[in-house]
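Working notes for the structure below.
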Amino acid sequence: MLAYDIILLVSLAIYLAVCALYLRHRAASFMHPVSLYLLFHGIVFTFRPFLARYYDFGALYQQFGFQPSMQDKITVLLAANLGMVTFVAVSLFVAREPLAFARDKYDDKHRTMLRKPFLIVAALLTPVALASLAEHWTTRALDSSTMITDLSTGIAINTTGNGWFFTAQLVLVPIVVIFAWLYRFRLWSLIPFGIFFILRAGTGGRGPLIVAAFAIVVLYLTQQRRRWPEWRSALIMVFAAVTFTTLVSDRGAAVREIFTSEQAADTIAYLDTAPYETMDFANQEFFEYVVYAVPQRTGTYDYFLSNLQIFTEPVPRAWWPGKPVGPPIQLFSLFDYGSPLGMTLSLPGAGWYELGWAGVIIQCGAFALLYSLLYRWMIARREDDWSLMTYAVMIAATTITFRDGVLITIARSLPFYLGPIAMMWLLARAFSLPRADMLRQFASENRHLPAPTEGGGSMPLTPAQRRRAMIEAMIEKAAPKRG
């Protein structure tokens, strides 16, 4: 155990050194991909392992039916740190520019103009999302879910319902976030977020709550031109963290009990577990199981074949009775070596699953490249409305993506997190709403002209009237020609 204790201390030293170097970098901010990855890594692979060592965590080893060797445990710590260094290095190489906070009054004007297309999209999608959420409440309260678990893969299968409808509730995440942002985070604009928080908490699902909270913080900090959270945004994150911890124990039963009289007795009692020994924070043990099995017992790696699932996943099982459970090509099953039900791989763990040490570098580097390019795209577009909304939702979703570590997690959520934004964009085009850069260009081209007068008289228009005239002229200029 002495060697393991030394590795723990070295791991802590590496983490603190990377954090210190990152904070000195000019691009460092809460909105940068590195910040959220360091937060994730610090919790599950740096500080929690000390708790595991002190309390001698063992509940998940019994539940999964395996016992990692000391070499397995050391390998996990080393591979996790390799993944962290890879992610940080790639991110800072690609996304090295700081946030410029380049938004101006024309971006603010465009943001106000987006309220109309947003309200139309919200009116179309919210009823479907609420119906999906209500069905989820019912299945949780009455324990009437028709989902079954395939014992050979541990994957939940939708036997009668439609997975698209079941997941439609996720569109509420961008809706409540964008609503608060469009109305400039006035206190009343957070009411939909609060309602969604309560309704989603009643299902026991924690991930979308955290995504919504982090996305709101990202947009709020950008509006306030702040790189790091202050007390208001910190309060939102603390509230989300407390709710997350509470939902770990009862999966939303306490919330449902407030609104319903009939519910399943699904409160989970963690009587024999130490602090933070639950599965919600157990990526270390999950990674140890992967190292325990792959390739020592499987004899092979997956070689990234699991990514083929993104092509089969969108097809409903009702349309494809023979649809594969999980990836269409599987070289082995982790369930042949234990019972890892509910396991999530984590980003470095998924890399090991795919190709060992090289896989850790490839997986962490690829995800770092993805989010860094998204960050650069936002910077290049001067943090305009479309890039900012897209980036805020995508970077907030990394709180789930880093935990799962696989491409299919992004593919599953993408239509629901970005769909409302895409619909807003289409409506804005249909209404010929001028973009912020068009407004900016129009103002620049006409700044030398004298102030217009009312009806040709000598009374000049007020500044507000001139701005309105400019907007109307820009809309007319941008409108498609007819006939």
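Positions of Cβ are set from backbone N, Cα and C atoms, glycine also.
Taken straight from TrEMBL:
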| type | residues | note |
| --- | --- | --- |
| TRANSMEM | 6-23 | transmembrane segment |
| TRANSMEM | 35-54 | transmembrane segment |
| TRANSMEM | 74-95 | transmembrane segment |
| TRANSMEM | 116-134 | transmembrane segment |
| TRANSMEM | 164-183 | transmembrane segment |
| TRANSMEM | 195-221 | transmembrane segment |
| TRANSMEM | 355-374 | transmembrane segment |
| TRANSMEM | 386-402 | transmembrane segment |
| TRANSMEM | 414-431 | transmembrane segment |
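In this chain, the transmembrane segment (195-221) lies out of contact with the transmembrane segment (355-374); the count of Cβ pairs under 8 Å, excluding pairs fewer than 6 apart in sequence, is fewer than 3. As a quick check, the transmembrane segment (386-402) and the transmembrane segment (164-183) clear the bar of 3 or more Cβ pairs under 8 A, pairs 6 or more apart, so the two touch.
In this chain, the transmembrane segment (195-221) does not touch the transmembrane segment (74-95); fewer than three CB pairs sit within less than 8 A of each other, excluding pairs fewer than 6 residues apart.
Remote same-chain partners of the transmembrane segment (116-134), defined as residues 6 or more beyond its termini with a Cβ less than 8 Å from a stretch Cβ, comprise 165-172, 175, 178-179, 182, 199-200, 203, 419-420, 423-424, 427-428, 431, 433. With pairs at least 6 apart in sequence, the transmembrane segment (164-183) and the transmembrane segment (414-431) have 3 or more Cβ pairs within the 8 Å limit; the two touch.
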